[in-house]
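Below is one structure, written out as structure tokens; comments come after it.
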Amino acid sequence: MGDIEKGKKIFVQKCSQCHTVEKGGKHKTGPNLHGLFGRKTGQAEGFSYTDANKNKGITWGEDTLMEYLENPKKYIPGTKMIFAGIKKKSERVDLIAYLKDATSK
């Protein structure tokens, strides 16, 4: 299991410019991530997704996020997320631990 505090720092550094996590949080360039786990791709209410995201059809969980966050454009070709990915597995594990905690409160 990852370190939630380390994951929070990674989120602030690499994700928070485009995403929020709190319930009722606003969409920015990217969607609010509250309720992410167990939700299908392209389903955050009120956010305009690419067809690539809507049509991917996977459900977000630890395994799918682990693969996606390594290389988003490879996992969902056509996504508009402008992010190169996180190559270090330990950083992805920490970020996912934080997201699992923060998006469910």
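Backbone N, Cα and C define each Cβ position, glycine as well.
The feature heme c binding site is assigned by Swiss-Prot to Cys15, Cys18, His19, Met81. Look at Swiss-Prot and you will find Gly2 tagged as N-acetylglycine, backed by experimental evidence.
Taking the centroid of the Cβ atoms of Cys15, Cys18, His19, Met81 as the heme c site, the other same-chain residues with Cβ within 8 Å of it are Lys14, Ser16, Gln17, Lys28, Thr29, Gly30, Leu33, Phe83.
Geometry remark: the residue listed as 'N-acetylglycine' versus Cys18 (heme c binding site), CA distance 22 Å. Remark: Cys18 (heme c binding site) has Lys28, Thr29, Gly30, Met81, Phe83 as non-local neighbours, by Cβ distance under 8 Å and separation of at least 6 in sequence. A 10 Å cutoff on Cβ-Cβ distances gives His19 (heme c binding site) a total of 21 other Cβ atoms nearby, all chains included.
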